[in-house]
Structures are given as C-alpha cells and as structure tokens.
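K.L.:
Structure provided below as structure tokens; questions to follow.
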2 protein chains.
Amino acid sequence: MIKILKYGEVENKDIFARGSVKTNVEGIVSEIIENVKTNGDKALFEYCEKFDKAKLSSFAVSADEIENAVKSADEKFINILKKAAANIRKFHEKQVRTSFIINDENGIVTGQKIIPVDCAGLYVPGGTAAYPSTVLMDAIPAKIAGVKNLVMVTPPRPDGSVNPVILAAAHIAGIDKIFKVGGAQAIAALAYGTESIPKADKIVGPGNAFVAEAKKQVFGLVSIDMVAGPSEILIVADETVNPKYAAADLLSQAEHDKMASAVLVTTSKKVAEAVQKEIELQIPMLKRAEIARASVDNNGKIIVADDIKTAIDIANEIAPEHLELCVDNPFDYLDEIRHAGSVFMGKNCPEALGDYLAGANHTLPTSGTAKFSSPLSVDDFVKKTQYTYYTADALKKVAYDVAYFAEQEGLTAHAKSAVIRLEE
Amino acid sequence: MIKILKYGEVENKDIFARGSVKTNVEGIVSEIIENVKTNGDKALFEYCEKFDKAKLSSFAVSADEIENAVKSADEKFINILKKAAANIRKFHEKQVRTSFIINDENGIVTGQKIIPVDCAGLYVPGGTAAYPSTVLMDAIPAKIAGVKNLVMVTPPRPDGSVNPVILAAAHIAGIDKIFKVGGAQAIAALAYGTESIPKADKIVGPGNAFVAEAKKQVFGLVSIDMVAGPSEILIVADETVNPKYAAADLLSQAEHDKMASAVLVTTSKKVAEAVQKEIELQIPMLKRAEIARASVDNNGKIIVADDIKTAIDIANEIAPEHLELCVDNPFDYLDEIRHAGSVFMGKNCPEALGDYLAGANHTLPTSGTAKFSSPLSVDDFVKKTQYTYYTADALKKVAYDVAYFAEQEGLTAHAKSAVIRLEE
C-alpha cells in the first residue's frame, strides 16, 4: 500500500528520497561501441543476428515497407496520430528562435545565427516499449528545427520487419530515413557512422540500460538529449480533488516501470487516506497491475502538508518530471512553480493528455534534473553561431584597449594582433 | 615551421586531424569529490592547505576585500573592463527569451515558461591562467538570465588573498558571492554543497585537468557548460589578406597552449608561403614564444584550397572554435558557414577583439563540437517548463482519443486516467 507521511513529522530525507537505477553494463557496451567503430556494418549485421535474431541483407527500411505499414495500420489510430502530430507541431513551432543582428554603432555589426544540426538520430526501442507517441515527440521538433537528415534507428523483429505502427508514426512525423538496428550498437553506429548509417550530430530517444549507457559513452563526441531516469509524477492537491482522479493519475506513471515514482502532496489528510484506498481499488483493474503495484509500494508516497505553499515548496525541491496542480485556480500558482518538466494545470488535465495529445513535449527531465534541464524542444536540434564585424575605423577606436586588456592577461600575441593593423 | 598542405593532394585525415589532450586524473579526482561530499568544509580546508598552501579560517571573500581590490586596481584597466562589460551586456541581452502561451482553442491553454536556475557556480583559475575577461564572459549572461545566486570560486594565493583583478572583474560583473576555493574540490563543493558553499545547479568556467575531470564527473548531478578542449583558430583567406595580420592572428591562439591549433585555409599559394615566413618572424617577439612555437610546429597548418567554396567546406568540416573570414566581402559568405563557435568577419576583425571587447561570448565550443554546441549564452542559465490546461469540456472532446492512443501502447492506467473523468 502507498505510504502516507506527514511533512515536518518525518525526516526530510524520507520526503525527498527517490529511486535510482544502477546498471553494470559499461564493459559490454564499450566493447560493442569499439567493435562498431572499427568494423562498421559488419559488426552491426552480427549484432543484429545475435541480439535481434534477425538475418538482414540491408538495414534501410524501404519506401514500400513504409507505405504498407501506413496502409495496414488501424485507420482510427492513424487519425489520432495525425491529430497529435498537429498539436505537437503547433506547440513546438512557437519555440522557433530567430537570429539577431546588432548594428547601432558606426562600422560595427555583431549577431547570432540559429543553425540546425546537419544530422539527428532518433532511437526507438522495439518490443512492448515501442511507443509511437515518442516517435512524434522526438521527431517533430527536429523537423521544425530544420534538420535535413533525420534518421531513425529501431531494432528489427526476428522476421526482419519493423513494428508497422512505429513506421506509420515515423512517416507522419516526417523522418527522412529509417534503419533496422537497435541496442548499444545502433547508438555506436550513429555516433561514428558506418557504411550504411550516417554519423549523427545529436542522438535522442529512450532505450534500455544498454542504450542509455551507450548514449552516456558517446556523449561529447555527439550531443545527446538526456540519460533518462525512471518516470515520475507529483500531484499537488487540496481538499477539492476527486480521490479517484488522483489515484488514476498516480497509477498512470506507476504502470511505466517498477522504479517509477508516484507522489501525492496534499493539504488534506482525508484526501490522503481516500487516495490510498482508491489506489488499492484501481490497481487490480490494470493490465500492468504487477508493475504498478511494485512502483507504488516501493517508491510511491503521499505527503500531507500544512498548506498549498508548503506543498509547492516540496514540489520545487523534488523538481518532478510531471507535476499536476489539482486545485481550483491553478493559474494562481503557476509563478510559484520553478522546477518541473511539464505542469498539468487543474483537475481536468491528467498527465496522459500531455503524453499523447496536448502538444507539449513528453520527453522530460527526470531525477530532479528539472532544476537545470528542459523538456525536449526545437532548441535541442539547433545551435548558435556568433559573428562580429568591424570596419578599419571602428577597429582603430578600440585596438589599443584590446591590446591593453591582452597585456594585462600576459597574452602579447593577442595584443599584437589588434595593433598590427594600425601599425601597418 | 608551420606546414603547408595542398587540399586534394594529401590524405583528408591529415587535413582534418586535430590535437587532443588525454589526462589520467580520474582516480585522484573521484577521491577528492568523495571526500568533499562526505566531509564538506573540513575537506576543503585541508585541500586548501595542501594544494594552495593557504591556511584559511573562512572561504568567503569579504566586502572589504572586494572594495580594496577595486580601489587598488589600475584605473585604466577598470575602465576598459567596464567598457567590455557594457558590450557583453548589450550582446547577451538580445539572447533573452520570452515565455509563450497558446490560447486559441476553446478551453485549452498551453505554454512554455523560461526560468533561471536558482544557483550558478563560476570557476575561475588562479595563477597566470586567471583571466578577468572570462569572469565577465561567464558571469554577465548568468545575471542577465536572472540567476539570483551567482557564486564564484577561485583558489587563494598562499597568503590567503585572491588576485585583485579577478575580484574587480567579479564586482563589475555583479557576482553575488565569492569563495576562496579551487581545483577539483571547488567543483565538488559546488556540486554537493558544503556548510559554506551553496549547491549549484549549473557550473561554468575553465580550469586545469583536475577541474575539467571534476566537471565531467559531477555532470548529470548538475549541469556544466562544457569540457573545453585546446583553443583553436581557423582563418579562411583569399589572396587579398595581409600575411602579417594572418600570422599575428594565428599566433594569438597558438600562444594559449602547446596543444592549441592554428590553421589557415587559403586560396593563394603565395599567401601560404608569406604567412609561413611571417609566423617565423613574429614568434621571437612574443612573451609566450616557446608555447606558440610548440603549438605552431605540432598542430599548426596552412591548407591551400582551390577556391573559397572549398575553403569554407573545409572550415565547416573542422567546425573551429574561432573562424576568421579574411576576405573582401565577408557577408557574402556568412550563410555558407554552418559550423563555427564565433566568426570574425573581414580583415579588420582579429579574434582578440572578440576575446575582450566586441561583446559576443568567448567561451566557445572546441574540438569540432560546434557541429552541435553553442557559445556560452543566457540560455545556459535558464531552463524551460511547459504547462497545459484543459477545461472539463475541452477534455471531454479528446479523452477517448487519449484513451485509444494509450490502449494502443498497452498502457491501460494512462487510458483510465483520461476516461475516469467522464465516467464519474
């Protein structure tokens, strides 16, 4: 059963503790990466046979395969995917930044350009963790950013095919090229490039422990989105919340995995007890009851706080991936929320709405990293370049200042490079 | 002597090779971090005595110390620092982003808020690598971002004082609090917090191998700016460039350190030879001649390319930290430049101008990471939070779509959380 803690009456570390996952796959993964770096496609074909039980003659998914996937897919689902894609596009288009230029002093121009990365790679897991929603969430911002070469990698099934729903989502999202390769070897291929797979500048997308470790190991050589921890929800609720809704929302994260964490912070002891009961009633109805049970028992908690302000302070300190604000006037509190990946305002906004349809991204900072990290966005697929232009006259006015500054730092070649232009 | 290579006549790997630094301090650094994490200030005092030969009773720099530093500093230099700070502010203020809100559908609000991190830590090296310019470049964007608690750490001198020029720059930049602690232990203190030093959400600033390794090790727990490689300049020049200027500019990076890389790509064999000669004439005049000599001989190169387009292609492939475009009409080529940290346009714009005074940042992506990374900016000190609001009526219209989507992914608790609000 989910535990109830009274804030102020238990140690703070019990309030703020969170689960973390430790794995021990560094060695295996670095070996895989080294092999792909050295042997390219040859290594990939071997891993494909070994890990995915698929004997492939090429990695690329053909245009026919994609067309068939779209045709064979459930039409109703395709329509919902398209609706979701439209909302995601609408939200992320607002993130597009423009370059700037400053030219208000005689003979001086400075500016900043926004430039998309040349190639981005999107990892999509196979099996039951193959989420078409994540394909949309990770691919659409890249296309809006202007990435010309957006590549998806995903493990093949033993018959050499790819889950058609994933192909359909990739098609809707506008992915340029799809390759049947998964696991740490797929990350290695994107980081170093092989005969078939292009070298990516940015790698995004979730995966198992091997994929996560591989992303960690290639970080620096390429950019990565994040190394995601277990999924999290924190609900702040006053006495007006319907305990059934709160319980359902907590369970929607708890069902993700056994290490997921579902936390309710409420000002009402009555709500705390009602939600505790309601969770017990709802768990048995779930397909993934066993996972939800483990998550709730191990990492779930209900914290009773004196007032909403205290509840929000606790939320800020935890900095959850998903934050629901289940109160009557949620916009009254929006400015108080400083650290959270995605906020769901009010009592009609279950977190699942954001996972699929509302438009904001669902690839979010976990493990408290919302204190310094952001949801996946168009920004992840662009970078900035600055530029500076001075005319000879403009340089003349500042060259001796530059030289003086450089001399103070002991850098005489820096000084020389400014004044040599006046001397000659 | 700097080598001259003809593009197309040598192997591409010789064109694109670059120096990298390998260190072997992981073990020492992880021990230091563990000690600071466990013992806090006590460990810091001990390291201070051991590494900095300073016996301190407290780490905080007092208001008096700062005031005296400003008073005692060279007035001319203070004025140049203030001019530089004004230009840096002007440039970085253009980077400030505004939050957005979308509310064009009945009963639906989505948005994105930009929120500064609570606390940022700025590392400033001691000794000859103490650069007041870097204090300005790293601190001003943080203050513009709205960081309330901007903390600087820097090693004390044996007498327990801090370089007054650094204190003066910190004062001009508006740093909130300064602590006398350096090395890997300072990074550990910022990452975990101690009795004296606040825990930071973001750590920026350059440092020696120990500092760089410590930043790598705490990355994830906190955000860091980058792990910087050796400094780099690449000059693209046609036959109109003055070889003296080009040589001086190459040397301005070469003097930084022996692993720094200075590269000229020119369309003119005559320019190549003249610059080669000119470098030899200028090196002996430099204070850091020995460093510049090693850098030029080991990592310097002049590449002769057939035309400007090829030269720019080479530059994009190398993705240098600093790129000078020494041609007559540099703006004709600005759109062709895709990968560079900071671009210096035309022949009157030595890179040193950007190091100190022009206003764009000088903390830049190295080692080819300009393909996916950006100069330090206001963005480094903020993060985004999304929010979503639906009225009960708005939810009603989409709840079954959300549930259908969730069912397709096998997540029945997600589905339930949407439809339970219609059932009850």
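Every residue gets a Cβ built from N, Cα and C, even glycine.
From TrEMBL, for reference:
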| type | residues | note |
| --- | --- | --- |
| ACT_SITE | A:E321 | active site, proton acceptor |
| ACT_SITE | A:H322 | active site, proton acceptor |
| BINDING | A:Y123, A:Q185, A:N208 | NAD(+) binding site |
| BINDING | A:S231, A:Q253, A:H256, A:H322, A:D355, A:E409, A:H414 | substrate binding site |
| BINDING | A:Q253, A:H256, A:D355, A:H414 | Zn(2+) binding site |
K.L.:
Please work out which residue of A:H256, A:H322, A:H414 has the most C-beta neighbours within 10 angstroms of its C-beta, and give that one of the recorded positions.
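P.N.:
Comparing the recorded positions A:H256, A:H322, A:H414, the most crowded Cβ belongs to A:H414.
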K.L.:
Which of these recorded positions is closest to A:Y123 (NAD(+) binding site) if you go by CA atoms: A:S231, A:E321, A:H322, A:E409?
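P.N.:
Result: the closest of the recorded positions to A:Y123 (NAD(+) binding site) is A:S231.
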K.L.:
I'm trying to understand the geometry here, so how far is the Cα atom of A:H322 (active site, proton acceptor) from the Cα atom of A:Q185 (NAD(+) binding site), in Å to the nearest whole number?
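P.N.:
Here the two Cα atoms lie 31 Å apart.
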K.L.:
So, three-state DSSP: helix, strand or coil for A:E409 (substrate binding site)?
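P.N.:
Once the DSSP labels are grouped into three classes, A:E409 (substrate binding site) ends up as coil.
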K.L.:
For each of A:E321, A:E409, count the other CB atoms within 10 A of its CB; which of these recorded positions has the top count?
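P.N.:
Sorting the candidates by Cβ neighbours within 10 Å, the top entry is A:E321.
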K.L.:
Please give me the binding-site residues out of A:Q185, A:N208, A:H256, A:D355, A:H414 that lie within 10 Å of A:E321 (active site, proton acceptor), comparing Cα atoms only.
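P.N.:
Among A:Q185, A:N208, A:H256, A:D355, A:H414, not one has a Cα sitting within 10 Å of that of A:E321 (active site, proton acceptor).
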K.L.:
Please classify the secondary structure at A:Q185 (NAD(+) binding site) using three-state DSSP.
P.N.:
helix
K.L.:
Which residues of the same chain, at least 6 positions away in sequence, have a Cβ lying under 8 Å from the Cβ of A:N208 (NAD(+) binding site)?
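P.N.:
Listed in sequence order, they are A:P125, A:A129, A:G183.
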K.L.:
Among all the protein chains here, how many other CB atoms are within 10 A of the CB of A:D355 (substrate binding site)?
P.N.:
28
K.L.:
Sort out the sequence-distant neighbours of A:S231 (substrate binding site) for me: same chain, 6+ apart, CB within less than 8 Å of its CB, listed by position.
P.N.:
A:Q253, A:H256, A:D257, A:A260, A:S261, A:E321, A:H322, A:T366
K.L.:
Determine the Cβ neighbour count for A:Y123 (NAD(+) binding site): the number of other Cβ atoms within 10 Å of its Cβ.
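P.N.:
Taking all protein chains shown, A:Y123 (NAD(+) binding site) has 28 Cβ neighbours within 10 Å.
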K.L.:
Could you state the CA-to-CA distance between A:D355 (substrate binding site) and A:Q185 (NAD(+) binding site) to the nearest Å?
P.N.:
28
K.L.:
Near the Cβ of A:Q185 (NAD(+) binding site), how many other Cβ atoms are there if near means within 10 Å?
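P.N.:
So the number of other Cβ atoms within 10 Å of A:Q185 (NAD(+) binding site) is 30.
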K.L.:
Would you list the recorded positions among A:Y123, A:H322, A:D355, A:E409, A:H414 that come within less than 8 Å, Cβ to Cβ, of chain B, in the order they occur in the sequence, writing 'none' if nothing qualifies?
P.N.:
A:D355, A:E409, A:H414
K.L.:
Any idea what the Cα distance is from A:H414 (substrate binding site) over to A:Q185 (NAD(+) binding site), rounded to a whole Å?
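P.N.:
Rounded to a whole number, the Cα-Cα distance is 45 Å.
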K.L.:
Measure from the CA atom of A:Q185 (NAD(+) binding site) to the CA atom of A:E409 (substrate binding site) and give the result in Å, rounded to a whole number.
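P.N.:
One finds 47 Å between the Cα atoms of these residues.
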K.L.:
Just how many other Cβ atoms lie inside 10 Å of the Cβ on A:Q253 (substrate binding site)?
P.N.:
32
K.L.:
Which of the three DSSP states, helix, strand or coil, fits A:H414 (substrate binding site)?
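P.N.:
A:H414 (substrate binding site) sits in a helix per DSSP.
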